[in-house]
Amino acid sequence: MSELFPLKQVMGFVFSLILTAVALSVYFFNLSFSTGMIILLVTAFLQAGLQLVVFMHAGETEDKGAIYTNVYYGLIIALMTIFGTLLVLVWDM
Amino acid sequence: MKMDHSLPLEYSTEENKLKILGFWIFLGAEIMLFATLFATYFTLVGRTAGGPTGAGIFEITPVLIETLLLLTSSFTVGLGIHAMRLGRKKAMIGFFITTLLLGLAFIGVEIYEFVHYVHVGAGLQTSAFTSILLTTLGTHGIHVTIGLFWGLFIVLQVWKRGLTPQTANKSFIFSLYWHFLDIIWIFIFSFIYLKGMM
Amino acid sequence: MDFFERFAVPHPSFAIYASMVAIGLTVVAVLAGLTYFKKWGYLWREWLTTVDHKRIGIMYLISALLMLFRGGVDAIMMRAQLSAPDLKLLDAQHYNEIFTTHGIVMILFMAMPFIMFFMNFVIPLQIGARDVAFPRLNALSFWLFFMGAMLFNISFIIGGSPDAGWTSYFPLAGNEFSTSVGTNYYMIAIQIAGIGTLMTGINFITTILKMRAPGMTLLKMPMFTWSAFIANVIIVFAFPVLAVLLAMGTLDRQFGTNFFTMDNGGMDMLWANIFWVWGHPEVYILILPAFGLYSEIISTFARRNLYGYKSMVGSMVLISLLSFLVWAHHFFTMGQGALTNSIFSITTMAIAVPTGVKIFNWLLTLRKGKIVITTPMLYSLLFIPLFTLGGVTGVMLAMSAADYQYHNTMFLVAHFHNVIIPGVVFAMLAGLTYYWPKMFGFMLNERIGKWTAWLLSIGFILSFMPMYITGLDGQARRMFTYSESTGFGPLNMVSFIGAGIMAIGFVLIVYNIYYSTRYASRNISNDPWDARTLEWATHTPVPEYNFAITPQVNSIEAFWDMKKKGHVIFKGEYEKIHMPNNSGIPFIMSCIFFVWGFSFVFSLWIPVIVTTIGIFVCMALRSFENDHGRYISVEEIEETETRLRGA
């Protein structure tokens, strides 16, 4: 039975629960906006990275380079789009 | 069909490798799809037109339940792939069915949540904020719903045809999809709900 | 009768009724012809169900040429209406509909499929592959594009054309100001075609990354493959934005949401913003493959290798990132602050740098080359100065302060036609002439071809240069007429004459195809242009498996080095070849998509639900299907090879 529950994935799951609990602190404690956002940004991106590496096996084949380039490229453009849109329509309007 | 036995079954043929890489690229496109929704959400989040705000309608309990359901389902589908690589067909099907049941429960809670929103006067047409809120959540929810049917088909195929290069490949790709939906949910959880309730 | 009234055209004219009759008669004639000549089976087996990248490419080509003429007729009507002050050939409403459909048809249903044609036909041959990574997905991509295009095109006879411009800005495109179903057509038809395009992008990235011939490392890929690769990367990250945008537009128009409305917190500027987040990368999706074609053609007919291969690749990678960083230059006057405008001005000027690098690379390729002026080369040589002119006016427009003068004038119209026509259209025609013998086994007539190139260039200069002047004088775009006192009359007449000359050029292309089909020699080699890359290393016509033996490559210009340096690229014996089976599902599924789209446009929810289920049933069938393809035996390959070599 234990071979069905590899340590790496169990630890990954436990870690993702911990990250969720940390993120929840912004709800339960009265933090400033910037502190809260920093906590959320750190926990969310750590969670995403965790899923990517531990569960999605992103780096296990010879296509590792293509897969990571694809993800990073997507992420960069996504962030450019989100912050660019906010700049145009909210912050500098 | 040339097979390479040094690799897991899902990578064993050239066609399988193509499909896995192709799906990763599709996930790249999905990143942009949700990024556009997030960009719109952050732009419109304050434009409530006197209607309900995020802080006013979000409830921590259902959101937390949804998060735990989806996180656990992401864990179980990962275990399913691990079982598949050990050649444990029954265990794999067990994990996949668990995943789908957790997904179904997630959809159930999400429907409850939507009914609640409409009940407190935050329908799709109320304001720019509610439009983009429900559209973003709905897009994720539709992805999960499609995943439920897709996963069911894959379970049926594995059950009937056993673990072949084809079924293993489909199962692995499904697991990628499912983990990806979990990642998107993490961002929804953090930057729509928690930020809204902060 | 109430039910049928919704299908009526809200603003009819004699021309629209005449088109209805003409379309009806054409459809009847095609159906009758197919039945009379007993071609239904042939059509189904060889074309509708095909998954062969070469045939799919040719279907893209036919669609693109058809749409070129549809968009061209729109253009001529607009130029005719503006040729003199206060003309009444078209009224304001028809003029609105025509400039809207002209833009969409030309960009999404002409230029895009033309590029898809080149990618489909050329890339697998150029990288030495048997087919694309996902042949059946490729068929689905084509049919979704085709159904989207057809759905868009029936709008003007059923229910009314979209009339809010190809950018379809809200609030004009909202329910309040666009009351007909025209804008619904815009949202749904482009959505369907866009899904197809996105899948093409995924397909070709996978193909190029994983299916290159042994030895062809990334930095040994031919330049067209590189340019198409980058274009597909942009497709994959830009088209989801369009999908979300159109979905939100649909929700606003048909489900009462408030994304872009004027009240309840909606923000109309959001549409413009997201539209251009997709729209600007789209420009580079069009131009990069065109640059790739020019690179192939210029190095072939300068008889030397491309100058600055690595800087070409580097500049395209840079363009792919920068193209996502410049979108706000399309609306400098919208009201955002000076900081934003300055940032986007700078990124816009920055993107001119890698483009300039490419221009210099072509010029330096020509230097010391032994130039042979063929039709494709003539287009390329005309492209360089004309396109540079468009690039320079682009940098003028990039200055946000000056843009307040240029914005929404004919100056802008002149600028983007100045980059698109010499940049994209000339490349498409050059590429068409260049690859024609590989497709059909005979060459297009050079004399007519060169006449066409000159007519198009002269026509282009006459049509669009005057617009720079009237634009600076303040002639607004999208205005259906102007008064005599503005003084715009004579220059607009020059434009009209130019448009007429261009029309003659396009008709000459059709005549050339007809003439060459009848009279051109069939006795040509596999390599009539003395070209440099792998697609010319196989037979003409190309056998269905492309290469009997997979080529092995160790240089950028593999075929040239085989011819001149004696490299051996075909090593080994014939082996049986694995090929995918044909399938009717892509076509049937796309037909269901068409009905889905049509019902959606008219908010007929019951058919929408039924067809949605139908689409998912098709996907489920595909999931359960067990199709392992088929094999071509060694004997069959030997037989084909002997026949093709003998001929």
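The count begins at 1 with the first shown residue.
Cβ atoms are placed via backbone N, Cα and C, with glycine included.
According to TrEMBL:
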type     : residues  : note
TRANSMEM : C:14-37   : transmembrane segment
DOMAIN   : C:38-554  : domain 'Cytochrome oxidase subunit I profile'
TRANSMEM : C:58-78   : transmembrane segment
TRANSMEM : C:98-125  : transmembrane segment
TRANSMEM : C:137-158 : transmembrane segment
TRANSMEM : C:185-205 : transmembrane segment
TRANSMEM : C:226-249 : transmembrane segment
TRANSMEM : C:269-294 : transmembrane segment
TRANSMEM : C:306-330 : transmembrane segment
TRANSMEM : C:342-364 : transmembrane segment
TRANSMEM : C:376-399 : transmembrane segment
TRANSMEM : C:448-469 : transmembrane segment
TRANSMEM : C:489-514 : transmembrane segment
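Here the domain 'Cytochrome oxidase subunit I profile' (C:38-554) returns a mean pLDDT of 94 for the predicted model. Here the transmembrane segment (C:137-158) has Cβ contacts under 8 Å with residues 7, 9, 16, 19-20, 23, 49-51, 53, 56, 59-60, 63, 67, 70, 97, 101, 104-105, 108-109, 112-113, 116, 120, 181-182, 185-186, 188-197, 199-200, 202-203, 583, 585-587, 589-591, 593-594, 597-598, 601 of the same chain, all six or more residues outside its ends.
Two recorded stretches are said to be in contact when at least 3 C-beta pairs lie under 8 angstroms, sequence spacing 6 or more; the transmembrane segment (C:306-330) and the transmembrane segment (C:98-125) fall short of this definition. Tallying C-beta pairs under 8 angstroms between the transmembrane segment (C:489-514) and each of C:58-78, C:98-125, C:226-249, C:376-399 places C:58-78 first. With a cut-off of 8 Å between Cβ atoms, the residues of this chain six or more beyond the transmembrane segment (C:98-125) that come close are 53-54, 56-58, 60-61, 63-64, 67-68, 70-71, 74-75, 77-78, 90, 131-132, 138, 141-142, 145, 148-149, 152-153, 155-156, 161-168, 186, 190, 193, 197, 200, 204, 207-208, 211, 224-225, 228, 231-232, 282, 285-286, 289-290, 293, 420, 424-425, 428, 431, 435, 438-439, 478, 534-535, 538, 542, 546. Same-chain neighbours of the transmembrane segment (C:226-249): 115, 118-119, 123, 168, 170, 173, 183, 187-188, 190-191, 194-195, 197-198, 200-202, 204-205, 208, 257, 259-260, 271, 274-275, 277-278, 281-282, 284-285, 288-289, 291-293, 295, 312-313, 316-317, 319-320, 323-324, counting only residues six or more beyond its ends whose CB sits under 8 Å from a CB of the stretch.
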